[in-house]
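Encoded as structure tokens, the structure appears first; notes follow it.
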Amino acid sequence: MSDEPLSSSEESPSVSVLHPKVLLLSAGFTGAAAASYFLYGRYVRRVKTYLDLTPAILDGQRKLYGKVTRVGDGDNFRFFHTPGGVLLGWGWLRKIPDTRSGLKDQTLMVRLCGVDAPERSHFGKPAQPFSEEALQWLQSYVGGRSVTITPYSIDQYKRVVARAQVWRWTGKRDVSAEMLRNGLGVVYEANSGAEFGENEGWYRRLEEKAKRRRRGMWSLGSKLVTPGNFKRQ
């Protein structure tokens, strides 16, 4: 056997980084990484507080799935985001905190879009009629339940103004619409900060129907003071 070294023509060929196969493989890895990052951000990453809400989420096209942990007033509640729901283990592998300390800095305060409920007693002012009924209704309707929210904006109190939908035995229901239907709120009156998505006309028709039927707060007739006017008094 000859001990002479291999000639240059007999050496193993090297593969250039510009070889089409190398470029194709690199593009595949880059694309997979980009897709993974996108899917994680859109479907897996938890939105813990309003600070996690990006412009891409606040465009009215993204929905967040989670659980209502506390109802604070007639038109707002605390929301714990559970991306992926039971498919990603929420409720059986991943526990939702149930204590105030466990939920600290882990929830969104959601303000229902398009609706204003009667004001409860605070800042030395008495409660409006039907404020307690509105609170109890919202607690029974969404309290402890899984809901889907569509965020629109963040208000001056760092609340997420959003559409909320919940599954009931009659199907998926719009929470703001159901409050208006039952006369437990009015269409939001402020000149700024109002959010309706694409439902303003629908909400106004529901309010008018409840008014004609004297449902809830509309049973007060001429004595009714809307929440907006009450806050300005």
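Cβ coordinates come from backbone N, Cα and C, glycine included.
Annotation source Swiss-Prot lists active site at Arg111 (among others), citing sequence analysis. Sequence-distant contacts of Arg111 (active site), defined by Cβ-Cβ distance under 8 angstroms and a gap of at least six in the same chain, are Asp75, Asn76, Asp155, Tyr157, Arg159, Val160, Val161, Ala162.
Listed in sequence order, Lys125, Ala127, Gln128, Ser131, Pro227, Phe230, Lys231 are the same-chain residues six or more apart from Glu119 (active site) with CB atoms under 8 A from its CB. The active site annotation in Swiss-Prot covers Glu119 (among others) and is backed by sequence analysis.
Feature annotation from Swiss-Prot assigns active site to Arg159 (among others); the stated evidence is sequence analysis.
Positions annotated as Ca(2+) binding site by Swiss-Prot: Asp116. In three-state terms derived from DSSP, Asp116 (Ca(2+) binding site) belongs to an extended strand segment.
Annotated domain 'TNase-like' per Swiss-Prot: 62-220, in sequence order.
Sequence annotations record features per position, and here Swiss-Prot assigns transmembrane segment to 22-44 based on sequence analysis.
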I want to check the contact list for Asp116 (Ca(2+) binding site): same chain, sequence separation of six or more, C-beta distance under 8 angstroms. What comes out?
Asp75, Gly185, Val186, Val187, Tyr188, Glu189, Thr226, Pro227, Gly228
